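As structure tokens, the structure follows; a few thoughts come after it.
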């Protein structure tokens, strides 16, 4: 992977890989991070780690050269969501997300909160349908649409509100690229190299399949974080993606 110029101290990578950090111990997380290269991936920090370790943990990762996807899935009244997104921008993260099911007014308020940050604003992404959810889960909530149809409806609302893209399953990516265009970014969890276990993600795909489907950023967790050689695993994934491009 190659580096491009950055106005910050952080490296910028053109790899589509985002490694999901899921650690209960800060030292263990940093020990893992120190084994990998910020030119090979970005990092995702979710609710558990951010609650445990706070903004300073994000700064520690940024000081090591990594761009951060702050995966907190804000879902609140418009004013509160807007302030939360602005706080994430102040922290200097690369990407932040909200729940599309929070509605148009909430998403619009979040987008408008980033206007003062200009080119330094993070990408603002909306979550459609969690990849662990199946049709039966949606039915329990009173949603009669299939996961794919419901995700597309929420993605259309997201684009209408002017956000940068959505989190979606890899299976939805092909249609979403056709419907919403190349500039609408698709972020996909549940990506696992061939031979990895499915874990708690129901709708999964390999990195090569995800790239072919139109995924812009692919989130990979345990296949990298639990690898005996995570640096080599990342390089192998990126090499396979370059061959597939």
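Even glycines carry a Cβ here, placed using N, Cα and C.
Going by Swiss-Prot, these are the annotated features:
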BINDING   22, 44, 71-80, 131, 192, 201, 221-222  substrate binding site
ACT_SITE  73  active site, proton donor
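Around the Cβ of residue 131 (substrate binding site), the number of neighbouring Cβ atoms within 10 Å comes to 25.
Shown are the binding-site residues 78, 221; the one with the most C-beta atoms within 10 angstroms of its own C-beta is 221. Residues within less than 8 Å, Cβ to Cβ, of residue 72 (substrate binding site) and separated from it by at least 6 positions along the same chain comprise 46, 47, 50, 84, 88, 96, 97. For the pair formed by the residue listed as 'active site, proton donor' and residue 131 (substrate binding site), distance between Cα atoms is given as 14 Å, rounded to the nearest Å. Under 8 Å, Cβ to Cβ, and six or more positions away along its own chain, residue 75 (substrate binding site) finds 81, 98, 99, 101, 102, 106.
Counting every protein chain shown, 17 other Cβ atoms lie within 10 Å of the Cβ of the residue listed as 'active site, proton donor'.
Here residue 22 (substrate binding site) comes close to 46, 48, 49, 221, 222, 225: these same-chain residues lie at least six apart in sequence, with C-beta atoms under 8 angstroms from its C-beta.
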